[in-house]
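For reference, the structure is listed below as C-alpha cells.
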Amino acid sequence: MGSFAVGIVLARLLAPEQFGVFAVALTVQTVLMTLADLGMSTDLIRSESPREKAPTVATLALVAGAFLALGMALSAQSLADLLGSPEAGPVIAVMSASLFLAGAGVVPYAALQRAFAQKKLFGIAIADFVVGTSITIVLILLGWGVMALAIGRLAAQCVVLLLQYALSGEKVRLGFDRRLAPGILAFGVPVAGANMLSWALLNVDSVVISRFAGALSLGFYYLAFNVSNWPMSAIGQVVRSVSIPAFARLKSRGTDRSFSIALGPVWAVALLAGLMIAVLAAPLIDVLYGSKWAVAATVLVWLGMFGALRTVFDLAASFLLARGASRVTFIVQVVWIVALIPATLVGVNVAGIVGVGIAHLAVALLVVCPAYGVALVRNGADLRAALGALWPPILAAAPAGLTAALLLAAIPDPVTGFVVAGFVGTLLYGLVMWRWLRRRVAVLREWTSAPAVPLLPTTESFSPLVVEPGKGTS
C-alpha cells in the first residue's frame with residue numbers, strides 16, 4: 001500500500017519524460033543487480049550445510065558486487081547513450097552503488113529467509129519505504145528531478161542494509177574454502193544467469209521502447225508496467241520468502257504435490273488482481289494518476305493479466321530452484337527472452353507501447369507456460385494436480401470480469417464506475433471462489449506450519465551488511 005500511494009504522488013509530481021529517464025537507469029541497475037550475489041543466497045537457503053558455506057559465500061558475493069558496481073559506474077554514460085537516453089547517465093552512476101550493497105548482504109539475507117523471519121523482514125521493508133519515500137519527495141520538491149528517485153532508492157538501501165545486519169544478529173565473517181567454492185559457483189552461477197535473464201526479459205521492453213519510441217512513450221509504459229506489477233509485488237514477495245525453503249523441506253519427504261498445493265491460492269489471488277487491473281485500466285489511471293497519464297491505460301489492459309501470470313512463473317521458478325534445477329530454470333529464461341525480443345520489436349513498430357504489452361502476454365501464454373510445464377514435470381511436480389488448481393479461478397473470473405466491464409460501460413462517471421465495477425466484480429469472484437479457496441488455504445497453512453531449520457545457531461553467526469538481491473526493482 002505504501003508503494004502504491006507513493007507511486008500516485010510521484011506520478012503527479014513528475015512528468016512522463018522524467019519517468020522514462022528513471023526507467024532507463026532502473027533497467028540497467030535491475031539487470032545487473034541479479035548478478036550481485038551470483039545466485040548464492042538461493043544456495044544457502046536450500047543448503048543442508050549453510051553454516052559451513054557461509055564465509056565462502058560472503059567473500060564471493062562481496063567481490064562480485066564490488067566489481068559490478070565499479071563496472072556500472074564507469075560505463076554509466078555509455079549505457080545511457082546506447083539506450084537512447086543520455087540524461088540517464090548520472091542516475092545510472094549513482095545507482096551503481098546498490099550493486100555493492102546487494103553483494104555485501106547475501107548471507108544474512110539468506111539467514112532471515114531460511115528462518116522464515118517474516119516479522120523482521122516486514123519491519124525492515126517499512127523502514128525501507130519510509131526512508132526512501134521521504135528523501136525522494138523532499139528532493140523532488142527541492143528541484144532535484146529524476147535524480148531524487150536514485151538518491152532516495154540508494155539511501156533506503158543503506159538503511160535496509162544496516163537493519164538487516166542488526167536484526168539478523170550476525171557478525172561479519174569472511175573466508176574462502178577451495179573445496180566448497182566450485183560447488184557453490186556451480187549451483188549459483190546458473191541461478192544468477194537465470195535471474196539476470198528473467199529481469200532482462202522483463203526490461204527488454206524498456207530498452208526497445210526507449211530506443212524506438214523515446215523517453216515519453218517509455219514514461220507511459222513504465223507507469224503501466226508498475227501498475228500491472230501490483231500482484232507480483234504484493235504476492236510475489238511473500239511467495240519468494242517462504243517457497244524455496246518450504247519446497248526444499250518437502251523434497252526430503254518425497255512430496256510431489258507441493259507445487260499444486262501452493263499454486264491454487266497464489267493463482268486465485270493473482271488472477272483476481274490482474275483481471276480487475278485489466279478491466280478497470282482506464283478509470284484506474286484517470287482516478288489515481290490523472291488525465292496526463294491516460295495513454296498508459298491502453299497498454300495496462302494487456303499488462304494486467306501478464307502481471308498475474310508472472311506470479312505463477314515466480315512460484316514455478318522457486319519450486320525448480322528448491323529441487324536444485326538451476327540449469328533448467330536458466331534454460332526456461334533463455335527460451336523466454338529469445339521469444340520476447342523479436343515479439344517486442346514487431347509489437348513496438350506495429351502498435352507502439354500497446355504492441356509491446358500484447359507481445360508480453362502472447363509470449364507468456366504461448367511459450368513460457370509450456371516451457372515451465374515441461375520443466376516442472378521433469379522435476380517431480382504433479383502437472384495434473386497443478387492444472388486442476390488453475391481452472392476454478394479461471395471459471396470464476398469469466399463472469400466477474402464480464403460483470404465489471406458491463407457496469408463500467410453503463411456508468412459514465414469514472415470514479416463511480418471504478419468503485420462500483422471493482423466492488424461488484426470482486427464480490428462476485430469472492431462468492432464463487434470462497435469455499436474452494438478456504439479449503440486450499442487450509443491445506444497450504446498445514447503445509448508450511450512445520451518449524452524451519454535456522455541458517456546459523458544463535459551462539460555463532462557471521463555475515464556482512466545486507467540488502468535483498470534485486471531489492472527495489474519491481
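Note that Cβ sites are derived from N, Cα and C of the backbone, with glycine treated the same way.
Residues annotated as transmembrane segment in TrEMBL: 57-76 (among others). Within the chain, the transmembrane segment (57-76) has long-range Cβ neighbours (under 8 A, six or more residues past its boundaries) at 28-29, 32, 35-38, 40-41, 43-44, 89-90, 92-93, 95-104, 106-107, 110, 172-176, 181, 184-185, 462-464.
Taken from TrEMBL, the feature transmembrane segment covers 88-109 (among others).
The transmembrane segment annotation in TrEMBL covers 121-144 (among others).
Residues or ranges marked as transmembrane segment in TrEMBL: 150-168 (among others).
Here the transmembrane segment (180-202) has Cβ contacts under 8 Å with residues 30-35, 37-40, 42-43, 52-53, 56-57, 60, 310, 317, 321, 324, 326-327, 329-330, 332-334, 336-337, 340, 469-470, 473 of the same chain, all six or more residues outside its ends. According to TrEMBL, the transmembrane segment annotation covers 180-202 (among others).
Listed by sequence, the residues of this chain that lie at least six past the ends of the transmembrane segment (208-225) yet keep a Cβ under 8 A from its Cβ atoms are 7, 11, 15-24, 83-85, 87, 285, 289, 293, 295-297, 299-300, 303, 341, 344-345, 348-349, 352-353, 356-357. Among the features that TrEMBL reports, transmembrane segment is placed at 208-225 (among others).
Marked as transmembrane segment by TrEMBL: 259-281 (among others). Remote same-chain partners of the transmembrane segment (259-281), defined as residues 6 or more beyond its termini with a Cβ less than 8 Å from a stretch Cβ, comprise 227-228, 230-232, 234-235, 239, 243, 246-247, 297-298, 300-309, 311-312, 315-316, 319, 376, 381-382, 385-386, 388-390, 392-394, 397, 400-401, 404-405, 408, 418, 421-422, 425-426, 429, 433, 436-437, 440-441, 443-444, 447.
Counting same-chain residues at least six beyond the ends of the transmembrane segment (293-313), those with a Cβ under 8 angstroms from any Cβ of the stretch are 11, 16, 202, 220-221, 223-225, 227-232, 235-236, 239, 263, 266-267, 270-271, 273-279, 281-282, 284-286, 353-354, 356-358, 360-361, 364-365, 368-369, 372. The transmembrane segment annotation in TrEMBL covers 293-313 (among others).
Residues 39, 42, 187-188, 190-191, 193-194, 197-198, 200-201, 204-205, 208, 212, 317, 355-356, 359-360, 362-363, 367-368, 371-372, 375, 378-379 of the same chain sit 6 or more residues outside the transmembrane segment (325-345) yet have a Cβ under 8 Å from a Cβ within it. As annotated by TrEMBL, transmembrane segment applies to 325-345 (among others).
Residues annotated as transmembrane segment in TrEMBL: 351-377 (among others).
For 389-411 (among others), the entry in TrEMBL reads transmembrane segment.
If you look up TrEMBL, you'll see 417-437 (among others) marked as transmembrane segment. Beyond the ends of the transmembrane segment (417-437), by six or more residues, the same chain brings 264-265, 268, 272, 275-276, 279-280, 283-284, 287, 392-393, 395-397, 399-401, 403-405, 407-408, 410-411 to within a C-beta distance below 8 angstroms of the stretch.
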